[in-house]
Amino acid sequence: MAKFVLNQNLPDLGGPPLYPGPTGSARSPSSPYSVETPYGFHLDLDFLKYVEEIERGPASRRTPGPPHARRPRASRTGLAGARSPGAWTSSESLASDDGGASGALSPGAFPGLSLPPLSPRSLSRNPRVEHTLLETSRRLEQAQARERALSPARAVTRSPRGSGRSSPAPNPALASPGPAQLQLVREQMAAALRRLRELEDQARALPELQEQVRALRAEKARLLAGRVQPEQEVEIEARPDKLAQLRRLTERLATSDRGVRSRASPRAEDPDGLAARRSEGALQVLDPGSRTPDGEPRTRETGTEVVPETREVDAQAVPETGEAGVEVVPETVEVDTWVTEELLGLPEAAERELELLRTSLEHQRGVSELLRGRLRELEEAHEAAVTRPQSRDVAAQTTLGCTEKTTQTELPVENQPRPTAGDEMAPVGILKSIMKKKDGIPGAQSSQGPKSLQFVGVLNGEYESSSSEDGNSDDEDGVAEHPRSSSSGSDDSSGGSDAGTPGPHNDKDAGDCELETHPELTAGREGRCELNPRLREACIALNQQLNRPRGVTSRDGNAARLVAQEWFRVSSQKRSQAESVAGVLRGVKSLGPELLAYVVNLADGNGNTALHYSVSHGNLAISSLLLDTGVCDVNHQNRAGYSALMLAALTSVGQEEEDMAVAQRLFSMGDVNAKASQTGQTALMLAISHGHQDMVAALLECGADVNVQDADGATALMCASEYGRLDTVQLLLAQPGCDLTILDNEGTSALAIALEAEQDEVAALLHAHLTSNHQGQSSTGSPTAKECNDK
């Protein structure tokens, strides 16, 4: 608000320089920058422009631009003091809005000021002055109209005070407010502006809240759409209760909203006693029905009076909305629990595992169907054999005893000639072989799988390898624990004892005895190729694929898969017979050397070959047959990083000279210093850690290096010292080049490891050996020094 105060430093307003005379003034009457008024005064046009800017109020002050220079107010003060109440009725339009200057510029403010006589020229009308005054009045009315439109509160406050144009002079009865009241009004207006800014900030946050509400509604719709399940009927039965609960929540929210509006309806009155009541249109803004679909108020042009009320009620209603949202959360969570894994999708690993299981089941179904067909054929053959004349029963029984060893051939009935009695009774032997398959010896893939390499798992951190018959074997590879970390490694479990019993199965019956009494039949069987027609056809197809330049491809996998299944079934079971393996090897060798090398070195999903399985099961006779082929890869490592040579170091052959000969032959054909891919251990370290003294001696005879270090920097001597194997330590110390000063990755020697493990005997032996070595070096060094001195 502009407030004009009389400046006491102005010159005398009644002096001669303000009136035109013969001597002239600072400005000439004809100057284009001044206008002569009807009272004979000259008004500066710049001063009139300055007055107009003051009258326009805050709108003009907010306009950017360079500030105007303030001119002296002498002419306006002189004009206000010299005018008469009735001469110029629109003189108050040039006063300020608060009316404070009108009292200071009233005619009675300067009683001693005498007016000069009016000149004849002052009585004449000046069109330029009238045009200027009319333009000023028009602009003032426009500014006041705009201000009333933008701020109704200020317009209501200003409404009791007249503009001055409706009355010729101010009424002394209506006294203008004092400076204290005006200052209080200004403070209230400043507080209202600050509150308005705060509410505007809150209004800016409304779109974000509305966006969150829309997102929650979309999420709720998505969850409701995903509830299409077989138990949807139960959901429909429980839906009325939920709808009733939602209705109750809605009623509570509406009640709280009405309470908030009723609490927010009163409004403080201003100091002038004028209460700014809220209009009905402002209340409609709070009604949810009066909002647009986006949530914005429909009447945003209601001015500053409506905006504070709307924002204030929203700010108070936010906690209620948050409370309702918290109560609705359990419903959303309950809907989320109805989403099953079918809608979310299974992980890729689970899908792959399910696919492998499906493939395995399909394969087992096919094998079962094949076995059922063979069983039906053999039952028919058995019935035919039973109905034979009694005179042939004796020969049939004798032939049965002789041909029981040929049950693994599985020759079909229709392909066997039937001229002799022995050939007629061949189906009976085949029937017995199929019954063994039903018990789980050759064909039960699920029962024999986990037993493969079982003792290796017990002795080496539960390493397990699945059966070779299962094309989709588990990927449990790797030794979980370092052998040095388990002190119980020397104690063989049941799996180890099973592996330690070499040789074929001891379950011999009368048929085996009769087989030994008929050498001519055995010789005749050995000359035959032990391949059934189905396996023979697959081997021929596989041999043709191997002879091609591109080799075996993925599209040619049927023959290779069949050969692998039959090969592992015959050679890699715990009860596999060396005779059957020998027959298959002869049949494969007759088809070609490339096929023989391919079949002997076939590996399953875990990287285990027939040599791995035969060594781990203790079937060293089969291992000898595989080594006799001359194409067996002895150094092939499985996925756990172990070769058949390393597995042989874990077995215990006892007093069996033949098995020890096979083990020594295996050690001599392979690399005894090869390291496991995961732990870096050698066969010597494995044999020492499991307490197989005979294998340690055999490895040392084959040239095993005692100073080789594993991934942790440990040597074979450190392993023996840690486990307290005194005999092994003596055997290692007897080897030439055994270094006791080697340190592992932690900077520990074999002597320190023995002391830490409280192996006193081993520590004493190592200390004595170190002392003897130092004394020997010193004794051999002194004569050399003496000879040097003599020379």
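Cβ from N, Cα, C; glycine included.
Here Swiss-Prot flags 180-229 as coiled coil, drawing on sequence analysis. Under the heading compositional bias 'Polar residues', Swiss-Prot lists 25-34, 401-410, 772-783. Taken from Swiss-Prot, the feature compositional bias 'Basic and acidic residues' applies to 127-149, 254-280, 293-312, 505-514. The annotation repeat 'ANK 1' is assigned in Swiss-Prot to 606-636. Feature annotation from Swiss-Prot assigns repeat 'ANK 2' to 640-677. What Swiss-Prot lists as repeat 'ANK 3' is 679-708. Under the heading repeat 'ANK 4', Swiss-Prot lists 712-742. Annotation source Swiss-Prot lists repeat 'ANK 5' at 746-775.
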Per-residue pLDDT averaged over the repeat 'ANK 1' (606-636), given as an integer:
91
Based on DSSP, tally up the residues of the repeat 'ANK 5' (746-775) by helix, strand and coil.
23 helix, 0 strand, 7 coil
Summarise the repeat 'ANK 3' (679-708) by DSSP state, stating how many residues are helix, strand and coil.
16 helix, 0 strand, 14 coil
